[in-house]
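Enquirer: As listed in TrEMBL for this protein:
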- Cys380: active site, nucleophile (ACT_SITE)
- Glu275, Asp302, Asp322: S-adenosyl-L-methionine binding site (BINDING)
- 473-491: compositional bias 'Basic and acidic residues' (COMPBIAS)
- 503-514: compositional bias 'Acidic residues' (COMPBIAS)
- 530-546: compositional bias 'Basic residues' (COMPBIAS)
Amino acid sequence: MNFYKSAALALDHLEKNQGSVKGSLAAAGIKSTPGEGKRILALVIETLKYKPTLLQLLLTVPLQSLEKPTFPKRSPRGSPSSQSLILVLLHDLLFSSKRKIEASDLWPPKQSIVKHQTRLKAELVKIQIKSGKSRITDLAKSSNASSEAIRYIRYNPNSGRSLPNLHNELSKLGFMKLDKPKYPLGEKEYFMDEHLGDVLLCFNGGVDWWNKSDWYDGGGVILQDKASCLPAKVLMWGWRGEEEGECIDATAAPGNKTSFVSALMDNKGKLHAFERSPNRYKTLTRMLEKAHCKNVVAQRADFLESDPESREYRKVTRILLDPSCSGSGIVNRLDYLLEDDVEESDSKTERLEKLASFQLQMILHAFKFQSAKRIVYSTCSIHPEEDERVVLSALQSKIAKENGWKLAPREQVIPTWDRRGRKEEMGGDEDLAQGVIRCLPEDRTNGFFVSCFIRDDPSGISIKSQISNVQKQKREEGKSSKNGKRPREEVESNIEDVTNERIEEEVDEQEQEQESQVTKEKTLAQLERNRRKKAAQKAKKRKVEE
């Protein structure tokens, strides 16, 4: 029962706020074990896929009107809306593999829906026939676009198998390799990507030939979105091999980008991979083993706690930063299923500010590595607060100026990629905007952002003084209007909170440690404000109950 209520609460949050499905679970205050979290996440995603069909079904079988005592128009405080609860329950009854609601038969919501299941199933068949679908599952919203979608498969040379052998295997399976891109692709057609053609294969979004294939099971191919491949490619531009030095992946799990960097290093030299979460670290090590990455030194540690002056990292010349972000660009988190644009809420704005502060702190820490010459910063976000604005803040930082960090020019950042940064978000500087990459779903990828910082390179782009002054003034005004904190203080007090927003699950014990650390860092003034806020909330709650 709590499982369905949690999923419904996440749906309610998505209805009111933009953001990733995973982020909505956290924002809605849903607490669960990692296993329960995955189950809730899966139900929310699947329900969103069938949401248009379910809403159409509710027009003919208006459960909320038929079962008013169970599904009231106004739900009690802390409870999900009746519509969202109905949607998740109908999904499991009509579309799940078991075709049943997994709750006690005595639970009123289940009783209220099951009594109408004969009519519900009959009306669903009518919708299916009218839609011209051969199967009930074809009514999923994502299925309508599956033939248009592209499934990207990355060839992994670390496996010891050759690309020609992969082409031969695909030929045996009946696939035909095309000489140039084609949209939509036939089910038995594929082509090599125009930007990453040496490793990236493009297939029809509805195929799954790799299931039970030794190429996939043995790490010969890796399922990885094109946009996710770009940061590694940009990082390793002009790589001279082991003689140049070593690399770092600062936030390595689940390991797709790490394994690609490893391959671009020819599986030689040393690649330091950081991952602070115990659960995600396990995922990382499994991925590295499967991908045959012999040059990766993985450690369960926080990159921000690493010592840039340590002898261990004195040879590091390149660093990949893909820190926690809002995940607003990940289409498989179904942000695109939100039907209406919504205005930014205060909670969303505050969260983006915290994330941006954390992201900036990661870049500034990377700037301290003495031998570093190239740093790639990327996000799976489409928000300028996490993208161009973070880059500008990094460029105007004291350490960037002192150490000579500049932005890499377009020629070093996939120059053939057409969609570049937002000029208006980079102080109107066209050169800076051209130096970064933006990806959107219309590019047949997830939403993504990629930038690259370089030094000791005459081609680097410096931030103009007038841009720096304007951006600095805006940031200081924004900080003072929020709580009067200085930027550095805001960063320090937000790092632990933001870390809790990482896209993958964190264990409860770790979250408690982080919360404890944050509490220690709060000032007496902050604690006093929190006490007043809680008292006001309690008074408001009592008033509502009366």
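Including glycine, each Cβ sits where the backbone N, Cα and C put it.
Note that TrEMBL annotation is computational and uncurated.
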Enquirer: Counting only residues 6+ apart in the same chain, whose Cβ is under 8 Å from the Cβ of Asp322 (S-adenosyl-L-methionine binding site)?
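Expert: Residues satisfying the criterion: Pro231, Asp249, Ala250, Thr251, Lys257, Tyr377, Ser378, Thr379, Cys380.
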Enquirer: Of all the Cα pairs drawn from Glu275, Asp302, Asp322, the residues the record ties to S-adenosyl-L-methionine, which distance is largest, in Å?
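Expert: Answer in Å: the longest Cα-Cα distance is 13.
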Enquirer: With the S-adenosyl-L-methionine site defined by Glu275, Asp302, Asp322, which remaining residues of that chain have Cβ atoms positioned within 8 Å of the Cβ centroid?
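Expert: Near the S-adenosyl-L-methionine site, beyond Glu275, Asp302, Asp322, sit Asp249, Ala250, Thr251, Ala252, Ala253, Phe274, Arg276, Ser277, Arg280, Phe303, Pro323.
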Enquirer: In sequence order, which residues at least six apart in the same chain have a CB under 8 Å from the CB of Glu275 (S-adenosyl-L-methionine binding site)?
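Expert: Non-local contacts for Glu275 (S-adenosyl-L-methionine binding site): Thr251, Ala252, Ala253, Tyr281, Leu284, Ala298, Gln299, Arg300, Ala301.
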Enquirer: Would you count the other CB atoms within 10 A of the CB of Asp302 (S-adenosyl-L-methionine binding site), including those on all shown protein chains?
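Expert: A 10 Å sphere around the Cβ of Asp302 (S-adenosyl-L-methionine binding site) contains 15 other Cβ atoms.
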Enquirer: Specify the count of other C-beta atoms within 10 Å of the C-beta of the residue listed as 'active site, nucleophile'.
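Expert: 25, counting other Cβ atoms within 10 Å of the residue listed as 'active site, nucleophile'.
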